[in-house]
Each structure stands twice: as structure tokens, then as C-alpha cells.
Amino acid sequence: MKYEKPTINRVDFALASKYGSPLKTQRIKSEIDGVDVHELTEKFGSPLFVFSQRVIEEKYKEFKEEFTSRYPEVEFWWSYKTNYLDAICKIYHKLGSKAEVVSEFEYQKARRLGIEGKDIIFNGPYKPKDALKVAVKEGAKIHIDHWYEINDLEEIADELGMEIPVAIRCNMDTGVYPAWSRFGFNIDNGEAYDAVKRIYEGKKLILTGLHSHIGTFMLSAEAYKNETKKLIQLKNRVEKDFGYEIEYIDVGGGFASKNRLKGVYQAPEVVVPTAEEYAEAITSAIYEYNEGKLPKLYLETGRALIDEAGYLLTTVFASKRLPDGKKSYIVDAGVNLLYTAFWYNFNIFLDKRYEGLNEPSQINGPLCMNIDVIAENITLPPLDRGSVLTIWPVGAYNITQSMQFIRYRPRAVLIDTNGTPHLIREADDLDYVVEKEVLPEYLK
Ligand SMILES: *Cc1c(COP(=O)(O)O)cnc(C)c1O
């Protein structure tokens, strides 16, 4: 017999299945921090990104409290790429967070917001030499990613006639796979130690920190314990061998938010570690393994702080019946605004209670692209044109990765702690889109 590859087909849910009745209670959210969702879309348009300053502050305080109650010197560095809207960065800076950037653009954006070089960590695998030189001159914390960067920095040290304080980024096996091994120097095979030795022998740079960022949406607190242990062991060793005094270890970001990863069956409340569990894993490993003076502890957490503070409001435009009987809703927000739709099953809330039977439905965006799917399998009552849906949590990586594609990108608002909404990003328009285009003379 000819071999046939086995396949698994999803069984579409009908009225009842072993997973229970689809006639679930409707999940309703009619307001965000006291502001009615219809009032928001009427005033600012739809779709609309909405951020809650209250949630941003609560999350930040929760993480800060868990770490500072366990460890003497902790600093938070806001990861710009997670969400670099000025208003959002400003809130974190006002709360005491410094800046973590991974490109010259993000560096410039932080400087423009008034952040001094010394309060910026410059990470990333691609730091063009002139950008690196500016950052060095301004006293930024440079985290070296590869051997070429050591050479670049030594040249800059000669050009500026100064010794440059640096940190290196490390990667390692933390027990979570696939491991992120393409950034920095590997600790397990001795490469990180060799890099420190190379820096020491070059006599132009001084090592002041050790950094790692082990991944994103890490569901294991244990991985951070392993990471911290390895960073601290490397610290002990290079202090002893080279006489360095390592001021800080930076354990990066990557803490998970309460989002629902596709393929993960259990609820986020069950699988996502708490701030307390992350803090305990990291700080206990420092106490257990550190020899000599305790280093400062730096965190670059992004997603876990902002994801739950972000909502996307979208309005139902039409519905249709697909050939397989499923109901499809066309809404005004597409995957060009929701980059993370590829990984998450978002929570989707209705603006009010709807009459009628729930049925298997899907939610599609406005793009003329088959991939524009916001929710593939969702049980919904019959919705009307004009129904407003709230998609949550979307605060991390969506604004920064959203693209102008087919339609204009929408506005973003911030609701302050008094419940007043403020515009923080204007929508794109035609002028904005064509501003950088050039029509050659001969085509005019
Ligand atoms: C992206 C990034 C972060 C933030 O990661 P989150 O998963 O959003 O917490 C921190 N550090 C570095 C180096 C990064 O690249």
C-alpha cells in the first residue's frame, strides 16, 4: 500500500460537543476606565487604539514592588520597541523607568523625549558606527552583541581618546527551547568568557555589566533562575580573573502578559507566572550564587507591563454567511493593525447584550487579503452593523508593528487616571502616506 501522511482535522463545533455547550455567556465590555466605547468611537473614530494609564501604572507598580521588596537596587528600562508612542514612553519615564533601545531611530526618539544618554541602554545586533559613536559620546550604556562591535568600539575609543565602559549581551541554555542563541555571546561554550578576555586584553574598553534577554512571552520563571545563575557565575569568574567590578546584571525582558497564545489550552491565569514568581526566581538566584558585592539589577520588561493596558475598538461593518455555514463578520480593524494576531487568540468583548442564538463565527478585517482574520473560531450572537467590539490585550507590539496597508492607520488615545481620553496619535491620511514618495520628472 502506498504510504499516506496522517492528517489531523479540526472538528468544527456544532450545538454541543464534549467541550460543552457553545451557548456561553456573552462577554461584554461597554466602557474602558469609565468611558463608554461608543462615545470613544464617535469622538475619535473607529477603529481606535485605547490605552489605560491606570492599568499602566498598576502593572508597573506591581512589578516594581515585587522586585524592590526583594532586592536593594533595581532599575527598570522601558523597552521602546514594545511601544514607543511618546505619551506611553513618557508615562514610564515619569514612573522612574529609563530607556532601552535597539536602533539609532529608537535612540533618537528617547533623546528627543529628553532622556539623557546615560539613561539609555543601547542594545541590538546592528549599531552603525556613527550611531554607536554618538551614543558613546553621550554616555549611553552599550551592550555589545558580537565581535565586530568590540572592534568598532575600540576604534571609537581611539578616536575619542577615552576608555569606554561596556556590557556584553550573553545567551545560554535556560531550559526553554528553542533557545535564543543569535544575540550576544554564548556562556555555555565559553564564548562569553572569551569575549570578556578579548575586551580585557584590548585595554580600551572596561566591562561594567552583563546582559541577557532570553526570549519573549516566557512562560517559565525557572528559565530566569537559570539565566540569572549563569550571568552571576560569569560575573564571579571575570571579577576574579580580570579584576573587573561588574556594576550591574541586566536580565532583560520577556515576561509574559495575560494574553492567550494560540495552541495553549489553559487560561493565562493558569500558565502565566506572576510578577512575584519572576521576581523570586531572579533575586533568589543572585543571593544564592553571587560572590562579592551585590550588583545592581536591571530589567527591560516590555510586554508584561503594557499589553493589558491596550485595547483596540473595532466596529462591525457587515456580516455574511460562508459556504460552510459559518457566519463571517467584517469589521474595520485588520491584521495590519494587529501584528500579534498571528500568535494570540485575543479576548473579544461585545458592547452590550445581544438577543438571539450564539453560533460559530469568524471575524475578518477590511483588507482584501485572505489572511485578514482577527478571530477564526468564535461563538457570537447575531451582531448588527455598528456593534463595537473590544479586542484585548493589544498594548504590546501592535502599534509599533502596525503598518499602513490598504487602509490608513487609525488614531490612538490615552485615558488618564481621571477618566479623560486624550489623543496621542493622529490617524494617517493621504498627505502622510505620500509625503516621502517622489515622482520622477519624466513620469509627470
Ligand atoms: C524586545 C526586547 C525587550 C523587551 O521584551 P518583552 O518581551 O517585550 O518584555 C527587552 N530587551 C531586549 C534586548 C529586547 O530586544
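Just so you know, glycine gets a Cβ as well, placed from its N, Cα and C.
The feature domain 'Orn/DAP/Arg decarboxylase 2 N-terminal' is assigned by TrEMBL to 56-305.
Taking Cβ-Cβ distances under 8 Å and a sequence separation of 6 or more, the neighbours of LYS81 (N6-(pyridoxal phosphate)lysine) in its chain are VAL101, VAL102, GLU106, GLY302, TYR397, THR400. The N6-(pyridoxal phosphate)lysine annotation in TrEMBL covers LYS81.
What TrEMBL records for 306-391 is domain 'Orn/DAP/Arg decarboxylase 2 C-terminal'.
Taken from TrEMBL, the feature active site, proton donor applies to CYS368. CYS368 (active site, proton donor) counts 8 other C-beta atoms within 10 Å of its own C-beta, drawing on all protein chains shown.
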Indicate whether LYS81 (N6-(pyridoxal phosphate)lysine) is helix, strand or coil by DSSP.
helix
Rounded mean pLDDT for the residues that make up the domain 'Orn/DAP/Arg decarboxylase 2 N-terminal' (56-305)
97
